[in-house]
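Worksheet: the structure to be examined is printed underneath.
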Amino acid sequence: MIIAIDGPAASGKGTVARALAARFGLPHLDTGLLYRAVGFAALTRGLDLEDAAALAALAAGLDLAAFDPEALKSGPVGEAASRVAALPQVRAALLKLQRDFAARPGGAVLDGRDIGTVIAPQAEVKIFVTASPEARAARRYRELSQRGEAVSETSVLEDIRRRDARDSGRASAPLVKALDAVELDNTALSAAESVARALEIVAARIAPPASGME
Ligand code: CDP
Ligand code: CDP
């Protein structure tokens, strides 16, 4: 079983993906970390974030295990990730790794922006997790301030809106709900309620309730 979770920044994709992976005993890949690792490495090396050839070479040689996951979670790294992710050459360099993960025997859970549309269009379950920009900014603000980053809620909301526009507006694998994805708007839900709703969506896909029409 492949479970594809997509959605905008700080919508709660990771929370849902981790919970489903644990519930079904499946491996989980947070594909945002791949783009964040490329962004982080590019910032560290002082690369131009528009130098597609250099960034694609970086992405092709990427070893995610070599990065400290905590270092990848910062605001500036998220912004750099979204910029490098707009380059088709970078996306192409990361494609095989993600497709191989999705094709693992027994299945997998992947979360990102283009899992249900590009990486695993054959996924049995697709969930598009979303929430209002204000709710997402409040969540991200809490996370970043807990990390000790000096941010304001207004600046986090601006960052989220800019990232939404870039991720949805790019030509290459834009953030878009797959036609066969189920939308989970968790603006008014707690993380636990969002996970419970995701479990219902999976259950309905795997064993749809009898229609009673036969
Ligand atoms: O955690 P958050 O939702 O803020 O972002 P993320 O999932 O870590 O992804 C960081 C950036 O990587 C996003 O803004 C996207 O531009 C890009 N990304 C992508 O293009 N495709 C994916 N499958 C995953 C992430
Ligand atoms: O992976 P993504 O960036 O989409 O979001 P996340 O890391 O799963 O969640 C961002 C934050 O929102 C975390 O601190 C969650 O606990 C919190 N949250 C949530 O995931 N779902 C809700 N319905 C409410 C809050």
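Placement of Cβ uses the backbone N, Cα and C atoms for every residue, glycine included.
Note: TrEMBL annotation is automatic and uncurated.
Features as listed in TrEMBL:
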type	residues	note
DOMAIN	3-202	domain 'Cytidylate kinase'
BINDING	Gly7, Pro8, Ala9, Ala10, Ser11, Gly12, Lys13, Gly14, Thr15	ATP binding site
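Scoring each of the binding-site residues (Ser11, Thr15) by how many neighbouring Cβ atoms lie within 10 Å, the top position goes to Ser11.
If you draw a 10 Å sphere around the CB of Ala9 (ATP binding site), it holds 24 other CB atoms from the protein chains shown. Counting only same-chain residues at least 6 apart in sequence, those with a Cβ under 8 Å from the Cβ of Gly7 (ATP binding site) are Lys13, Asp111, Arg113, Phe128, Val129, Thr130, Leu175. The 10 Å shell around the Cβ of Lys13 (ATP binding site) contains 27 further Cβ atoms across the protein chains shown. The Cβ centroid of Gly7, Pro8, Ala9, Ala10, Ser11, Gly12, Lys13, Gly14, Thr15 marks the ATP site; residues of that chain outside this set whose Cβ lies within 8 Å of it are Val16, Asp111, Val129, Ala131, Arg136, given in sequence order. The average pLDDT for the domain 'Cytidylate kinase' (3-202) in the predicted structure is 96.
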